[in-house]
Amino acid sequence: MFDIGVNLTSTQFAKDRDQVVKRAKDAGITGLLITGTNALESQQAQSLATRRPGYCWSTAGVHPHHASEWSGETAATLKRLAESPEVVAIGECGLDFNRNISEPEQQVYAFNAQLELAAELAMPVFLHCRDAHDRFLAVLTPWLPTLPGAVVHCFTGTREELEACLAAGLSIGITGWVCDERRGVELRELMPLIPADRLLLETDAPYLLPRDMRPRPPSRRNEPCFLPHIVQVVAGLRGEEPEALGRQCDANARKLFRLPA
């Protein structure tokens, strides 16, 4: 079981980060990908991964919420970070028109710039898309022939959107959203449609604690050690054995991010 989306730089983990990683290992998690969401957090993510070689890796990128911060200096920082062996993908990048914390055109500009960087460096991309599917694919599609791979992190879209992403050759990241009996109803129905070699699993910790976890942790904070719960739910929806699904998703992550087996 490999967790491809952990916000380990979050201040929610400031007091017990080492224990969080230990609990993940004890729970059978085979590796963690630490998400970078702006220049500073990408540097922090790389630093955290460096201190945990062979178990943690990181991404370097600018989340659409931070797109207004994009600059030449940002691009230079990400490029420098991407030279580190611990940094295995560009992102989290993409479009988020749900809240438009950054203006849509700022988001498109930063997204294009990061896709260009990923193409230049021949690195996979770690993608974010919310309420922006058509524009997202319109921006992304021309770059796909130049990219070695891409995953849509925390996919929560419709069947039509899933089919479009799969047709474009994208991998699909599934979080504990699928465990939500209210918001995750449609997503649950889509689980059997994702090809086995395109499915990746993630907690997005400390966010998106699975709603159906019992007992719920007193802190209500999500952790990578809860990934087995997501694996179990997804396996049930796909009619598969959890152990086999965990191994498959681990192999998928290592192939996409070019990590040792």
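Every residue, even glycine, has its Cβ placed from backbone N, Cα and C.
Record check: Swiss-Prot places His128, His153 at the divalent metal cation site, and the matching candidate among Glu83, Glu86, Glu92 is Glu92. Cβ-based neighbour count (10 Å, all protein chains) for His128 (divalent metal cation binding site) stands at 24.
A strand conformation is recorded for His128 (divalent metal cation binding site) in the three-state DSSP classification.
A C-beta separation below 8 Å, combined with a sequence spacing of at least six in one chain, links His153 (divalent metal cation binding site) to Ile4, Gly5, Thr35, Gly91, Glu92, Phe126, Leu127, His128, Gly173, Glu202, Asp204.
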